[in-house]
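Among the features that Swiss-Prot reports, Mn(2+) 2 binding site is placed at Asp11, Ser61, Asp443, His444. The phosphotyrosine annotation in Swiss-Prot covers Tyr35. Taken from Swiss-Prot, the feature active site, phosphoserine intermediate covers Ser61, and the record attributes it to experimental evidence. Taken from Swiss-Prot, the feature substrate binding site applies to His122, Arg152, Asp153, Arg184, Arg190, Arg260, Pro261, Asp262, Arg263, Lys335, supported by sequence analysis. The Mn(2+) 1 binding site annotation in Swiss-Prot covers Asp402, His406, His461 and rests on experimental evidence.
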Amino acid sequence: MRKPTALIILDGFGLREETYGNAVAQAKKPNFDGYWNKFPHTTLTACGEAVGLPEGQMGNSEVGHLNIGAGRIVYQSLTRVNVAIREGEFDKNETFQSAIKSVKEKGTALHLFGLLSDGGVHSHMNHMFALLRLAAKEGVEKVYIHAFLDGRDVGPKTAQSYIDATNEVIKETGVGQFATISGRYYSMDRDKRWDRVEKCYRAMVNGEGPTYKSAEECVEDSYANGIYDEFVLPSVIVNEDNTPVATINDDDAVIFYNFRPDRAIQIARVFTNGDFREFDRGEKVPHIPEFVCMTHFSETVDGYVAFKPMNLDNTLGEVVAQAGLKQLRIAETEKYPHVTFFFSGGREAEFPGEERILINSPKVATYDLKPEMSIYEVTDALVNEIENDKHDVIILNFANCDMVGHSGMMEPTIKAVEATDECLGKVVEAILAKDGVALITADHGNADEELTSEGEPMTAHTTNPVPFIVTKNDVELREDGILGDIAPTMLTLLGVEQPKEMTGKTIIK
């Protein structure tokens, strides 16, 4: 009989004393509360400098899983780009310079696209502002902005403030015009809903879609129709004669300034894959010789990379594999990349002895319509694996508290927490029945703050601490831990030596 050591990541499950707007506190969760009271527990910092982000910056799923899997603080792309801008290296970046040189020589246009907000999860508008300033400095005349509106990592009706900030930089530099506006629901899909991506692509390339004289008018009209930032239909900004301000054409260059890959891959593939077949792009398929991605998005995206990956050697998965142990990664679609690619330090391939189980997320418009998502199917599949003695190490993600938490709606999020608690109980009992040990934690907060103090929906992540429980009574845990300390703690429990690259410290005293 194998005695599994399981890491259970309750995505978006933060801890906060105040109960107002707190779905985690208001939900009935007898299993979690029981384990918290019965077993050694502490809290971990999952935001800011503790996870390689700027101070005060909320954590997110990519950052959380990278830090947990690496067993160290992983300095995030946001921080890397900020430092490059501060130290003057950004303007010297070879990929940016190559794209600029190309459009200047050919007399073509430079298109900047990405998420327009200061959320810092997928992008930061300051990086786009740095690109506008660089284009102005280098004398690029035709610079067009394809803005993806956020409303998810920031407030649901904040787009106007970001458009205003962009207009200030356009005024300051003398370059840049808004060309298209799209809610991230369309432009940043990651779940193969290609019909959404197609609407965005057609606006950018063909000028198809609702038309407006300005970005402000687009947002105002959407709000008047009850459509907020995340869901704004891909729209085209037009000149006085109703022709598009710009479309993307042959020999233009693109700089896609999102730094987080998962929601950038699909739209990037449409522009970079010669054999793209997910939808018919039509007669006009622009040849973009210089398509620059801020970071490495995927092997499936044929673009240049401005900030190349940092190698993360000896992540938890690799160390476990080298020790000859069998490991399982399991999640539903929305969090599958996180327990695989991100948890393995940006590695797509499996390690020896690693098995993966993907359970499809339900096909619904938004997850508040189905707060349980596919958690029962994930749980059934995992309990079956545990009962069959197949794995020494298990990495599990329950997506609900994060994915439903993004709705900013209390009732569905409470249901999500309660479904998570029910399934947590089933998984932990199966592990304890095998004389195994579970480590229960989260990658960041979300469901712990669903309402602002004004009673408005709070759709973003939080900076609250996350739980850490070890279902083993003969250990004592220290305080002041961080996500990067979880892997060393698991290795301690497994009796596997911690490699020097893993600079986190075990939480077991």
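Backbone N, Cα and C atoms are what each Cβ position is placed from, and that goes for glycine too.
A map of Swiss-Prot features onto the structure.
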residue: Tyr35; record: phosphotyrosine; contacts (Cβ under 8 Å, 6+ apart): His41, Leu424, Val428, Ile440, Ile469, Thr471
residue: His122; record: substrate binding site; contacts (Cβ under 8 Å, 6+ apart): Gly114, Leu115, Asp153, Arg184, Met188, Asn258, Phe259, Arg260, Arg263, Ala264
residue: Pro261; record: substrate binding site; contacts (Cβ under 8 Å, 6+ apart): Glu62, Thr295, His296, Phe297, Ser298
residue: Asp402; record: Mn(2+) 1 binding site; contacts (Cβ under 8 Å, 6+ apart): Asp11, Gly12, Ser61, Lys335, His444, Asn446, Ala447, His461
residue: His406; record: Mn(2+) 1 binding site; contacts (Cβ under 8 Å, 6+ apart): Arg152, Tyr367, Asn446, Thr459
residue: Asp443; record: Mn(2+) 2 binding site; contacts (Cβ under 8 Å, 6+ apart): Ile9, Asp11, Gly12, Ala46, Gly59, Asn60, Ser61, Val63, Gly64, His65, Ile68, His338, Val466, Leu483
Of Arg190, Arg263, His444, His461 (the binding-site residues), the residue whose Cβ has the fewest other Cβ atoms within 10 Å: Arg190
Cβ packing number for Asp11 (Mn(2+) 2 binding site), 10 Å threshold: 26
Taking residues His122, Arg152, Asp153, Arg184, Arg190, Arg260, Pro261, Asp262, Arg263, Lys335, which bind substrate in the record, the widest Cα spacing (Å, whole number): 18
Protein Cβ atoms within 10 Å of Asp153 (substrate binding site), excluding its own: 21
Ser61 (Mn(2+) 2 binding site), number of other Cβ atoms within 10 Å: 28
Three-state secondary structure, which DSSP defines for the residue listed as 'phosphotyrosine': helix
